[in-house]
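Chemist: Take this structure, written in C-alpha coordinates, and hold onto it; I'll ask about it next.
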Amino acid sequence: MKAKTLTATLALILLAFAQADYDVASYCQLVQSGTKLPSLDSCQNYYTCVSNGLPTLSSCSSGYVFNKDSQQCVPTGSFNCFFGVANPCQNQDKKFVPSAKQCNEWHYCLAGAIAGTGTCKEGQIFNFAKQSCVYGECSNTGNNILDSPNLSVCQIMPNGIYFGDNKNCSTWHKCSGMEEKKGTCPNGDNFDPTYASCVPSNMPACSRIQNPPSTGVVSGPPSTSPCSLGTVVGDLTSCSVYYKCENATRSNSTIWNTYTCSGQFFDVISKQCTSTNQARTLKGCNRCQFTTGSMYWVNAVDPQCSEYFTCSNGLETKSTASTCGAGNFFNEDLQYCMIGNSTVGQYAQTHGACENYTCNPNTRLCNLVTATNTTSSHR
(Lines of atoms letter the chains of each structure in order from A and count residues from 1; the text may use other names and numbers.)
(Lines give C-alpha, C1' and ligand atoms only; values in the text may rest on other atoms or scores of the structure.)
Protein backbone atom coordinates (compact mmCIF):
# COMPACT_ATOMS: atom_id res chain seq x y z
CA MET A 1 0.00 0.00 0.00
CA LYS A 2 1.41 3.35 -1.01
CA ALA A 3 2.34 5.72 1.79
CA LYS A 4 0.82 8.68 -0.05
CA THR A 5 -2.55 6.93 -0.09
CA LEU A 6 -2.75 6.04 3.56
CA THR A 7 -1.90 8.09 6.63
CA ALA A 8 -0.74 5.59 9.23
CA THR A 9 -0.84 5.93 12.97
CA LEU A 10 0.90 2.86 14.35
CA ALA A 11 -0.39 1.65 17.67
CA LEU A 12 -1.19 -1.60 19.39
CA ILE A 13 -4.90 -1.61 20.12
CA LEU A 14 -7.57 -4.01 21.19
CA LEU A 15 -10.74 -3.76 19.16
CA ALA A 16 -14.09 -4.81 20.61
CA PHE A 17 -17.10 -3.16 19.07
CA ALA A 18 -20.74 -3.58 19.99
CA GLN A 19 -22.05 -2.98 16.49
CA ALA A 20 -25.39 -1.24 16.07
CA ASP A 21 -27.56 -2.37 13.18
CA TYR A 22 -28.89 0.06 10.61
CA ASP A 23 -32.34 1.03 9.36
CA VAL A 24 -32.82 -2.12 7.29
CA ALA A 25 -36.41 -1.26 6.34
CA SER A 26 -35.30 1.95 4.61
CA TYR A 27 -32.71 0.07 2.56
CA CYS A 28 -35.25 -2.62 1.65
CA GLN A 29 -37.37 0.04 -0.05
CA LEU A 30 -34.53 0.56 -2.53
CA VAL A 31 -34.22 -3.05 -3.75
CA GLN A 32 -36.37 -5.84 -5.17
CA SER A 33 -38.36 -8.03 -2.80
CA GLY A 34 -36.32 -11.08 -1.81
CA THR A 35 -33.00 -9.25 -1.74
CA LYS A 36 -30.89 -10.18 1.29
CA LEU A 37 -28.91 -7.55 3.21
CA PRO A 38 -26.20 -8.23 5.80
CA SER A 39 -26.50 -7.54 9.51
CA LEU A 40 -23.83 -5.41 11.11
CA ASP A 41 -24.10 -7.32 14.38
CA SER A 42 -22.80 -10.65 13.13
CA CYS A 43 -21.31 -12.11 9.96
CA GLN A 44 -23.78 -15.00 10.31
CA ASN A 45 -26.92 -12.85 10.36
CA TYR A 46 -28.79 -11.34 7.41
CA TYR A 47 -32.16 -9.81 6.52
CA THR A 48 -34.52 -10.74 3.70
CA CYS A 49 -36.48 -7.83 2.23
CA VAL A 50 -40.18 -8.57 1.85
CA SER A 51 -42.66 -6.56 -0.20
CA ASN A 52 -44.97 -4.55 2.10
CA GLY A 53 -43.69 -6.33 5.18
CA LEU A 54 -41.00 -6.32 7.82
CA PRO A 55 -37.51 -7.49 6.81
CA THR A 56 -37.02 -10.95 8.27
CA LEU A 57 -33.89 -11.76 10.26
CA SER A 58 -32.16 -15.10 9.60
CA SER A 59 -28.87 -16.69 10.59
CA CYS A 60 -26.42 -18.99 8.83
CA SER A 61 -25.61 -22.27 10.54
CA SER A 62 -22.42 -22.76 12.54
CA GLY A 63 -19.31 -22.60 10.39
CA TYR A 64 -20.95 -20.40 7.75
CA VAL A 65 -21.17 -16.65 7.14
CA PHE A 66 -23.46 -14.59 4.91
CA ASN A 67 -22.09 -13.45 1.54
CA LYS A 68 -24.08 -10.42 0.36
CA ASP A 69 -22.82 -10.78 -3.21
CA SER A 70 -23.75 -14.44 -3.73
CA GLN A 71 -26.83 -13.90 -1.52
CA GLN A 72 -26.21 -17.12 0.41
CA CYS A 73 -24.39 -18.62 3.37
CA VAL A 74 -20.86 -19.75 2.55
CA PRO A 75 -18.17 -21.57 4.58
CA THR A 76 -16.26 -19.39 7.02
CA GLY A 77 -12.93 -18.50 5.44
CA SER A 78 -14.26 -18.40 1.89
CA PHE A 79 -15.65 -14.88 2.35
CA ASN A 80 -14.05 -12.01 4.25
CA CYS A 81 -16.53 -10.49 6.70
CA PHE A 82 -15.56 -7.92 9.31
CA PHE A 83 -18.95 -7.08 10.85
CA GLY A 84 -19.43 -7.77 14.55
CA VAL A 85 -16.03 -9.42 15.06
CA ALA A 86 -13.86 -8.66 18.10
CA ASN A 87 -10.63 -8.94 16.13
CA PRO A 88 -10.78 -8.01 12.42
CA CYS A 89 -7.20 -9.25 12.00
CA GLN A 90 -8.02 -12.82 12.96
CA ASN A 91 -6.40 -15.20 10.42
CA GLN A 92 -4.88 -12.19 8.62
CA ASP A 93 -1.13 -11.58 8.28
CA LYS A 94 0.64 -8.71 6.53
CA LYS A 95 -2.67 -7.44 5.19
CA PHE A 96 -4.78 -4.32 5.47
CA VAL A 97 -8.40 -4.87 6.61
CA PRO A 98 -11.34 -2.44 6.89
CA SER A 99 -12.29 -0.85 10.17
CA ALA A 100 -15.74 -1.74 11.46
CA LYS A 101 -16.21 1.88 12.56
CA GLN A 102 -16.30 3.63 9.21
CA CYS A 103 -15.47 2.97 5.61
CA ASN A 104 -12.47 5.29 5.28
CA GLU A 105 -10.49 3.64 8.09
CA TRP A 106 -8.23 0.57 7.93
CA HIS A 107 -6.09 -1.65 10.14
CA TYR A 108 -2.79 -3.32 9.34
CA CYS A 109 -2.52 -6.92 10.52
CA LEU A 110 0.54 -8.90 11.62
CA ALA A 111 0.23 -12.52 12.73
CA GLY A 112 -3.49 -12.16 13.44
CA ALA A 113 -3.22 -8.99 15.52
CA ILE A 114 -3.76 -5.30 14.82
CA ALA A 115 -0.38 -3.63 14.35
CA GLY A 116 -1.60 -0.25 13.13
CA THR A 117 -4.59 1.80 12.10
CA GLY A 118 -5.04 4.69 9.71
CA THR A 119 -7.42 6.79 7.64
CA CYS A 120 -7.75 7.27 3.90
CA LYS A 121 -7.45 10.73 2.40
CA GLU A 122 -10.55 12.89 2.15
CA GLY A 123 -12.81 11.62 -0.63
CA GLN A 124 -11.50 8.04 -0.38
CA ILE A 125 -12.68 4.79 1.21
CA PHE A 126 -10.79 1.59 1.95
CA ASN A 127 -11.13 -1.32 -0.51
CA PHE A 128 -10.10 -4.67 0.97
CA ALA A 129 -9.98 -6.46 -2.39
CA LYS A 130 -7.57 -3.88 -3.80
CA GLN A 131 -5.71 -3.50 -0.49
CA SER A 132 -5.75 0.25 -0.94
CA CYS A 133 -7.88 3.36 -0.70
CA VAL A 134 -10.12 4.18 -3.65
CA TYR A 135 -12.26 7.18 -4.50
CA GLY A 136 -15.58 7.17 -2.69
CA GLU A 137 -17.52 8.56 0.26
CA CYS A 138 -18.98 7.01 3.38
CA SER A 139 -22.79 7.05 3.06
CA ASN A 140 -22.39 9.24 -0.02
CA THR A 141 -25.82 8.40 -1.46
CA GLY A 142 -27.71 10.09 1.35
CA ASN A 143 -28.99 6.68 2.53
CA ASN A 144 -27.42 7.30 5.90
CA ILE A 145 -26.92 4.32 8.15
CA LEU A 146 -28.29 5.11 11.58
CA ASP A 147 -26.32 5.11 14.81
CA SER A 148 -22.67 4.69 13.76
CA PRO A 149 -20.79 3.15 12.14
CA ASN A 150 -20.53 5.43 9.14
CA LEU A 151 -20.27 2.95 6.27
CA SER A 152 -20.43 3.03 2.51
CA VAL A 153 -23.68 1.86 0.97
CA CYS A 154 -21.63 -0.66 -1.03
CA GLN A 155 -20.78 -2.46 2.20
CA ILE A 156 -24.50 -3.17 2.52
CA MET A 157 -25.77 -3.62 -1.04
CA PRO A 158 -24.97 -6.69 -3.19
CA ASN A 159 -22.57 -6.18 -6.08
CA GLY A 160 -23.97 -5.73 -9.55
CA ILE A 161 -27.60 -4.89 -8.76
CA TYR A 162 -29.34 -1.61 -9.52
CA PHE A 163 -31.02 -0.01 -6.52
CA GLY A 164 -32.92 3.18 -5.85
CA ASP A 165 -32.34 6.40 -3.94
CA ASN A 166 -34.38 7.54 -0.94
CA LYS A 167 -34.21 11.23 -1.87
CA ASN A 168 -34.53 11.35 -5.65
CA CYS A 169 -37.08 9.32 -7.63
CA SER A 170 -35.09 9.26 -10.86
CA THR A 171 -31.69 8.33 -9.37
CA TRP A 172 -30.27 4.80 -9.39
CA HIS A 173 -27.11 3.30 -7.88
CA LYS A 174 -24.97 0.24 -8.58
CA CYS A 175 -22.00 -1.17 -6.63
CA SER A 176 -18.92 -2.72 -8.18
CA GLY A 177 -16.81 -3.88 -5.29
CA MET A 178 -16.55 -0.83 -3.07
CA GLU A 179 -17.00 1.55 -5.99
CA GLU A 180 -20.44 3.06 -6.38
CA LYS A 181 -21.88 4.13 -9.70
CA LYS A 182 -24.77 6.57 -9.86
CA GLY A 183 -27.05 7.58 -12.69
CA THR A 184 -30.34 9.22 -13.63
CA CYS A 185 -33.24 7.81 -15.60
CA PRO A 186 -33.76 9.56 -18.97
CA ASN A 187 -36.78 11.55 -20.12
CA GLY A 188 -37.94 12.35 -16.59
CA ASP A 189 -38.59 8.66 -15.82
CA ASN A 190 -38.40 7.26 -12.28
CA PHE A 191 -36.37 4.33 -11.02
CA ASP A 192 -38.62 1.52 -9.77
CA PRO A 193 -36.93 -0.88 -7.32
CA THR A 194 -39.64 -3.48 -8.02
CA TYR A 195 -38.33 -3.93 -11.55
CA ALA A 196 -34.81 -2.57 -10.91
CA SER A 197 -35.25 -0.35 -13.95
CA CYS A 198 -36.53 3.03 -15.10
CA VAL A 199 -40.28 3.37 -15.66
CA PRO A 200 -42.54 6.23 -16.87
CA SER A 201 -43.03 8.93 -14.25
CA ASN A 202 -46.81 8.35 -14.18
CA MET A 203 -46.31 4.88 -12.68
CA PRO A 204 -46.44 4.57 -8.85
CA ALA A 205 -42.70 3.99 -8.39
CA CYS A 206 -41.79 6.72 -5.93
CA SER A 207 -43.99 6.53 -2.85
CA ARG A 208 -40.89 5.94 -0.70
CA ILE A 209 -39.89 9.59 -1.13
CA GLN A 210 -43.21 11.38 -0.83
CA ASN A 211 -43.69 13.44 2.32
CA PRO A 212 -46.40 12.27 4.70
CA PRO A 213 -49.71 14.07 4.14
CA SER A 214 -51.26 16.27 6.77
CA THR A 215 -54.78 14.93 7.19
CA GLY A 216 -55.97 17.52 9.68
CA VAL A 217 -58.37 14.90 11.08
CA VAL A 218 -59.09 15.10 14.81
CA SER A 219 -61.77 13.54 16.99
CA GLY A 220 -62.46 16.60 19.12
CA PRO A 221 -62.63 16.82 22.94
CA PRO A 222 -64.40 14.10 24.98
CA SER A 223 -67.47 16.17 25.82
CA THR A 224 -69.09 19.50 25.22
CA SER A 225 -68.40 22.41 27.55
CA PRO A 226 -68.50 23.10 30.42
CA CYS A 227 -65.63 20.83 31.41
CA SER A 228 -63.66 20.35 34.63
CA LEU A 229 -61.16 23.20 34.87
CA GLY A 230 -57.55 22.07 34.44
CA THR A 231 -58.34 18.73 32.80
CA VAL A 232 -55.97 17.84 29.95
CA VAL A 233 -56.69 14.94 27.56
CA GLY A 234 -55.47 13.65 24.22
CA ASP A 235 -57.19 13.30 20.86
CA LEU A 236 -58.49 9.89 19.77
CA THR A 237 -57.27 10.29 16.18
CA SER A 238 -54.17 12.48 16.19
CA CYS A 239 -51.49 11.56 18.76
CA SER A 240 -50.05 15.09 18.60
CA VAL A 241 -53.27 16.95 19.48
CA TYR A 242 -54.54 17.52 23.01
CA TYR A 243 -57.27 19.51 24.74
CA LYS A 244 -57.08 21.64 27.88
CA CYS A 245 -60.13 22.73 29.89
CA GLU A 246 -59.74 26.46 30.56
CA ASN A 247 -61.86 29.43 31.56
CA ALA A 248 -63.83 30.97 28.75
CA THR A 249 -62.82 34.54 27.97
CA ARG A 250 -66.35 35.83 27.43
CA SER A 251 -68.28 33.99 30.12
CA ASN A 252 -67.93 32.41 33.54
CA SER A 253 -68.01 28.96 32.00
CA THR A 254 -65.19 26.61 30.94
CA ILE A 255 -64.32 25.41 27.45
CA TRP A 256 -61.97 22.96 25.75
CA ASN A 257 -59.08 24.67 23.95
CA THR A 258 -57.09 22.75 21.34
CA TYR A 259 -53.27 22.49 21.32
CA THR A 260 -50.82 20.67 19.07
CA CYS A 261 -47.38 19.21 19.83
CA SER A 262 -44.88 20.15 17.12
CA GLY A 263 -43.25 16.96 15.82
CA GLN A 264 -44.07 15.16 19.08
CA PHE A 265 -46.92 13.20 20.65
CA PHE A 266 -49.03 14.12 23.68
CA ASP A 267 -48.17 11.91 26.66
CA VAL A 268 -51.40 10.96 28.45
CA ILE A 269 -49.58 10.23 31.74
CA SER A 270 -47.19 13.18 32.06
CA LYS A 271 -49.61 15.52 30.21
CA GLN A 272 -46.72 16.92 28.19
CA CYS A 273 -45.46 16.86 24.62
CA THR A 274 -42.92 14.03 24.36
CA SER A 275 -40.87 12.36 21.64
CA THR A 276 -42.94 10.00 19.50
CA ASN A 277 -41.26 6.83 20.72
CA GLN A 278 -41.39 7.76 24.43
CA ALA A 279 -44.95 9.12 24.51
CA ARG A 280 -47.74 7.09 26.07
CA THR A 281 -50.68 7.77 23.79
CA LEU A 282 -54.35 6.92 23.59
CA LYS A 283 -54.99 3.57 21.95
CA GLY A 284 -56.27 4.21 18.43
CA CYS A 285 -54.54 7.50 17.64
CA ASN A 286 -52.29 7.50 14.57
CA ARG A 287 -48.84 6.47 15.83
CA CYS A 288 -47.59 6.57 12.23
CA GLN A 289 -47.81 10.36 12.27
CA PHE A 290 -44.47 12.03 11.39
CA THR A 291 -43.03 8.85 9.82
CA THR A 292 -41.76 9.14 6.24
CA GLY A 293 -41.47 6.80 3.28
CA SER A 294 -43.74 4.12 1.88
CA MET A 295 -42.84 1.54 4.52
CA TYR A 296 -42.13 1.98 8.23
CA TRP A 297 -43.28 0.24 11.40
CA VAL A 298 -44.18 1.59 14.84
CA ASN A 299 -45.19 0.08 18.16
CA ALA A 300 -48.91 -0.15 18.82
CA VAL A 301 -50.20 0.64 22.31
CA ASP A 302 -49.75 -2.78 23.87
CA PRO A 303 -48.31 -3.65 27.32
CA GLN A 304 -46.97 -6.91 25.87
CA CYS A 305 -45.18 -4.86 23.16
CA SER A 306 -45.85 -7.53 20.51
CA GLU A 307 -48.19 -5.45 18.32
CA TYR A 308 -47.12 -2.99 15.63
CA PHE A 309 -48.57 -0.90 12.80
CA THR A 310 -47.32 -0.69 9.22
CA CYS A 311 -47.00 2.95 8.11
CA SER A 312 -47.05 4.48 4.64
CA ASN A 313 -46.44 8.20 4.22
CA GLY A 314 -47.42 9.00 7.79
CA LEU A 315 -50.60 6.91 7.90
CA GLU A 316 -51.47 3.44 9.17
CA THR A 317 -52.03 1.06 6.24
CA LYS A 318 -54.82 -0.73 8.12
CA SER A 319 -56.85 -0.11 11.25
CA THR A 320 -55.79 -3.28 13.06
CA ALA A 321 -52.30 -3.96 14.37
CA SER A 322 -50.08 -6.86 13.33
CA THR A 323 -48.31 -8.99 15.92
CA CYS A 324 -44.89 -10.55 16.44
CA GLY A 325 -46.54 -13.48 18.22
CA ALA A 326 -46.80 -14.48 21.85
CA GLY A 327 -43.55 -14.18 23.79
CA ASN A 328 -41.92 -11.85 21.24
CA PHE A 329 -41.84 -8.06 21.00
CA PHE A 330 -41.51 -5.44 18.28
CA ASN A 331 -38.43 -3.19 18.37
CA GLU A 332 -39.28 0.09 16.63
CA ASP A 333 -35.64 1.25 16.63
CA LEU A 334 -34.39 -1.85 14.80
CA GLN A 335 -37.60 -2.20 12.74
CA TYR A 336 -38.12 -5.91 13.32
CA CYS A 337 -39.58 -8.44 15.77
CA MET A 338 -37.31 -9.61 18.58
CA ILE A 339 -37.47 -13.31 19.38
CA GLY A 340 -38.21 -13.71 23.09
CA ASN A 341 -39.07 -10.96 25.55
CA SER A 342 -36.20 -11.00 28.05
CA THR A 343 -35.28 -7.39 27.22
CA VAL A 344 -38.78 -5.97 26.74
CA GLY A 345 -38.79 -4.36 30.21
CA GLN A 346 -35.69 -2.35 29.42
CA TYR A 347 -37.08 -1.45 25.99
CA ALA A 348 -40.37 -0.22 27.49
CA GLN A 349 -38.50 2.28 29.66
CA THR A 350 -37.93 4.45 26.58
CA HIS A 351 -40.90 3.35 24.43
CA GLY A 352 -44.15 4.50 25.99
CA ALA A 353 -46.52 2.44 23.85
CA CYS A 354 -45.19 -0.66 25.64
CA GLU A 355 -45.83 0.63 29.16
CA ASN A 356 -48.66 -0.83 31.21
CA TYR A 357 -51.31 1.87 31.59
CA THR A 358 -55.07 2.10 31.24
CA CYS A 359 -57.35 4.87 29.96
CA ASN A 360 -61.03 5.52 30.53
CA PRO A 361 -62.59 5.53 27.04
CA ASN A 362 -65.13 8.18 28.03
CA THR A 363 -63.05 10.67 30.01
CA ARG A 364 -59.69 9.79 28.33
CA LEU A 365 -57.98 10.03 31.71
CA CYS A 366 -55.14 7.53 32.07
CA ASN A 367 -53.10 5.97 34.86
CA LEU A 368 -50.21 3.54 35.17
CA VAL A 369 -51.46 0.13 36.24
CA THR A 370 -49.26 0.08 39.37
CA ALA A 371 -47.38 2.80 41.20
CA THR A 372 -44.27 0.62 41.19
CA ASN A 373 -44.33 0.03 37.45
CA THR A 374 -40.67 -0.34 36.50
CA THR A 375 -41.18 1.53 33.28
CA SER A 376 -42.31 4.77 34.95
CA SER A 377 -39.07 5.65 36.71
CA HIS A 378 -37.58 7.38 33.68
CA ARG A 379 -40.37 9.92 33.37
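Heads up, the Cβ atoms here are built off N, Cα and C, so glycines get one too.
Below are the features listed in Swiss-Prot for this protein:
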{"type": "SIGNAL", "residues": "1-20", "note": "signal peptide"}
{"type": "DISULFID", "residues": "C60-C73", "note": "disulfide bond"}
{"type": "DOMAIN", "residues": "86-143", "note": "domain 'Chitin-binding type-2 2'"}
{"type": "DISULFID", "residues": "C120-C133", "note": "disulfide bond"}
{"type": "DISULFID", "residues": "C185-C198", "note": "disulfide bond"}
{"type": "DOMAIN", "residues": "224-283", "note": "domain 'Chitin-binding type-2 4'"}
{"type": "DISULFID", "residues": "C324-C337", "note": "disulfide bond"}
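I'd like these features described in context: how deep, what's nearby, how far apart.
Modeler: The C-beta environment of C73 (disulfide bond), restricted to residues of the same chain at least 6 apart in sequence and closer than 8 Å, consists of Q44, C60, S61, Y64, V65, F66, N67.
In the three-state DSSP scheme, C185 (disulfide bond) is classed as coil.
DSSP states for the domain 'Chitin-binding type-2 4' (224-283), grouped as helix (H, G, I), strand (E, B) and coil, give 0 helix, 23 strand, 37 coil.
The local packing around C337 (disulfide bond), expressed as other Cβ atoms within 10 Å of its Cβ over all shown chains, amounts to 19.
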Chemist: Cα-Cα, whole number of Å: C133 (disulfide bond) versus C185 (disulfide bond)?
Modeler: 30
Chemist: Among all protein chains shown, how many Cβ atoms are found within 10 Å of the Cβ of C198 (disulfide bond), not counting that one?
Modeler: 20
Chemist: Reported as an integer number of Å, what is the Cα distance between C324 (disulfide bond) and C120 (disulfide bond)?
Modeler: 43
Chemist: How big is the Cα-to-Cα gap, in Å, between C185 (disulfide bond) and C337 (disulfide bond)?
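Modeler: Rounded to the nearest whole number, the Cα-Cα distance is 36 Å.
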Chemist: With helix taken as DSSP H, G or I, strand as E or B and everything else coil, how many residues of the domain 'Chitin-binding type-2 2' (86-143) land in each class?
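Modeler: Once the DSSP states are binned, the domain 'Chitin-binding type-2 2' (86-143) shows 0 helix, 27 strand, 31 coil.
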Chemist: Using a 10 Å cut-off on CB atoms, tell me which of the disulfide-bonded residues C120, C133, C324 is the least crowded.
Modeler: C324
